[in-house]
Amino acid sequence: MTLNSLPVWPALQAHYEEIRDAHLRDWFAPANDRAPTRAERFTFEGGGLAADFSKNRLTDATLALLVRLAREAGVEARRDAMFAGETVNPTEGRAALHTALRANAADAPFQAQVAAERAKMARFADAVRSGAWTGYTGKRIRHVVNIGIGGSDLGPKMVVHALHHVATPDIATHFVSNVDGADLARVLERIDPEETLAIIVSKTFTTLETMTNARSLRDWFVANGCPEGALAKHFVGVSANPAEVVKFGIAEANVFEMWDWVGGRYSLWSAVGLSIMIAIGPERFDELLAGARDMDEHFRTAPLERNLPALQGLVGIWYRNFFGAQSYLVAPYSEALHYLPSYLQQLEMESNGKSARIDGAFVDYPTSAVTWGEPGTNGQHAFFQMLHQGPTLVPIDFIAVLTPEHPLASHHPKLLANCFAQSEALMLGRTLDEARKIAGPAKPELAPHLTFPGNRPTTTLLVDALTPRTLGALIALYEHKVLVQAAVWNINPFDQWGVELGKILGKVVEADLTAAQVDPAKHDSSTSALIARARKALGE
């Protein structure tokens, strides 16, 4: 199946040509925006969240055609296959059952395994939080260091930061991912080996960055007084390869299992989230799962016309494949959600940044847009200039938390006002005539610089309060959005072959950096020159 061979495609293309030059300002004009208002018609709820799609460049007819596109592309069938545990990751011959990690139905796939591992996590987290689990000198754990990269880092880091307000104040959680030694070194400056627990997270337990950092941390413990025989008090492992964890030197009792039917970027709900559970406690971790389950149920049961993940995905396709948008922005007006854009970068681009269809043919249409973002209001003072007046179309997801999770409540109306005002300004713009009035007769030459084209599309997601449950729903919303887009593009969102070639060549280059001699013909001239400069700097 190719996207532009679907029966609905010509109708969508004709509809795009019909409305491409229409301006949102006109659709919101009082003469056109009668009851039910545009905001009422295009605001939908699900999983405890609300989404206002009204400031997007679409009409009722657009949504009807996009929903038809989803049905013709088999979105519902792909969704149902994923939940049923079918092989939806054909290139690796695997299911993608991250939803099973938060299911509560006894007949859901792998429930006995999931429940047993979560109970083990809870016992361990309670022991660490209560002080029953101590370091080698008998001191309680005050620092948890999570070592992992990609999905073993981005998800847990994002959630721990977001839920800081409900986390225990007795334990500081640190995250180390980069093979650059500066990342680990800066954490080592802030921790005490007698009071530190390391969680090493790697599906294979062979990941270069993770194992390099893990070995350096283990050496640091020993160099700072921890007997090798006592390292079991300070190291636990999370992996789908328990034998390799034990080989590293972690006690078998300290191994937590993840499974190959859960992709790394979808894994925070598993033992990969052990650092989350230690920070917020098992009960609140269960609330996080419950929120994701709320969104799972909404995604499974709501008609596509009112289905938040489906609508999110389809609106993204509208801009990517018709308007030609090359990127989209996530702007959470919440400092607690500081790491959400980074998390979504991996979720969206590693999942859907593909050029091969499931059937092995190459696509002849764009797939994943570049995902980027920054919390508000910081972004307003960095790149919103380009969003308002630049020539590039960048669709935006605003995320607003309506009640603060901190005691400085007087700040919150200012934060929300900026969020809502930005969406209004991006939609309305300012005409040249309006700009001339502002510039006045004294400075008419200023008018073009005061003009805003407007018609910049935004979606605003509303969260009543940032809790473990609403955060779980928000994350699951984006997970399912990715699946919807993958189904329409007919690609596999659950593999990541694009990271392999660089890894393979990286091992070759690393060996050349320290070899006695290097054959200059082994690499292209640019890479050979880079290696030569680095060898000189390294003293080789």
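Heads up, the Cβ atoms here are built off N, Cα and C, so glycines get one too.
Model, not experiment: these values are computed from the prediction.
Taken from Swiss-Prot, the feature active site, proton donor applies to Glu350. Swiss-Prot lists His381, Lys503 with the feature active site, giving sequence analysis as the kind of evidence.
What Swiss-Prot annotates, mapped onto the structure for a quick look.
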residue: Glu350; record: active site, proton donor; DSSP class: helix
residue: His381; record: active site; DSSP class: helix
residue: Lys503; record: active site; DSSP class: helix
So Lys503 (active site), by the Cβ count within 10 Å over all chains shown, scores 10
Separation of alpha carbons, the residue listed as 'active site, proton donor' and Lys503 (active site) (Å)
15
His381 (active site) and the residue listed as 'active site, proton donor', Cα-Cα, nearest whole angstrom
29
Per-residue Cβ crowding (10 Å cut-off), top of active-site residues Glu350, His381:
Glu350
